[in-house]
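A.B. asks: Quick one: the structure is below, questions incoming.
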Amino acid sequence: MNYHQYYPIDVVNGPGTRCTLFVSGCVHQCKGCYNQSTWSLSSGHRYTQEMEDKIIADLKDTRIKRRGLSLSGGDPMHPANLSAVLQLVQRVKTECPDKDIWLWTGYTLAELDDSQQALLPYIDVLVDGKFIQEQADPGLEWRGSANQVIHRFTL
């Protein structure tokens with residue numbers, strides 16, 4: 001997996017202060033997407049064990065308390081990203097059980113296949129659906145267009 005950007009301190013992509021990872025790779029390529037540079041699977045940087053360790057360390061950092069981890073992109077549910085994302089969310093839930101995990105995907109909940117659904121037990125909030133420019137609304141909380149749905153599994 002590649003990632004496009006990592007923000008160890010983020011107050012925009014989810015509630016509270018968070019760590020946010022923007023992965024590379026998206027098949028949806030939505031018209032009007034603000035993250036078009038993440039569409040290619042090869043864009044950005046190689047995701048490594050060192051990066052995963054850094055995310056865990058940042059989540060555990062008591063100097064700057066983070067509420068949780070946000071995963072966006074690109075698309076964390078892209079088939080090429082699933083193995084690395086699953087490993088990361090499992091590790092977060094094991095080593096940082098007090099942290100929540102938010103994940104944004106262009107797939108709807110109904111469209112997820114079995115391998116994508118394997119992530120759901122580790123996700124607290126899923127924001128699903130493609131960005132549809134004609135339904136864009138900057139006043140929406142945590143989503144870009146009115147068709148997108150916020151699924152709160154544990155929060």
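Glycine is treated like the rest: Cβ placed from N, Cα and C.
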A.B. asks: Quick check on the annotation: Swiss-Prot has Gly32, Cys33, Tyr34 binding S-adenosyl-L-methionine, so which of Gly68, Gly74 does it put in that site too?
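C.D. replies: S-adenosyl-L-methionine site check in Swiss-Prot: besides Gly32, Cys33, Tyr34, the record includes Gly74 out of Gly68, Gly74.
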A.B. asks: What are the non-local neighbours of Cys26 ([4Fe-4S] cluster binding site), defined as same-chain residues 6+ apart in sequence with CB under 8 A from its CB?
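C.D. replies: Counting only residues 6 or more apart in sequence, the Cβ neighbours of Cys26 ([4Fe-4S] cluster binding site) under 8 Å are Cys33, Asn35, Thr38, Trp39, Gly73, Gly74, Asp75, His78, Gly106.
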A.B. asks: I need the least crowded one of these binding-site residues (Gly32, Gly74), counting other C-beta atoms within 10 angstroms of each C-beta.
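C.D. replies: Output over binding-site residues Gly32, Gly74: least Cβ neighbours within 10 Å is Gly32.
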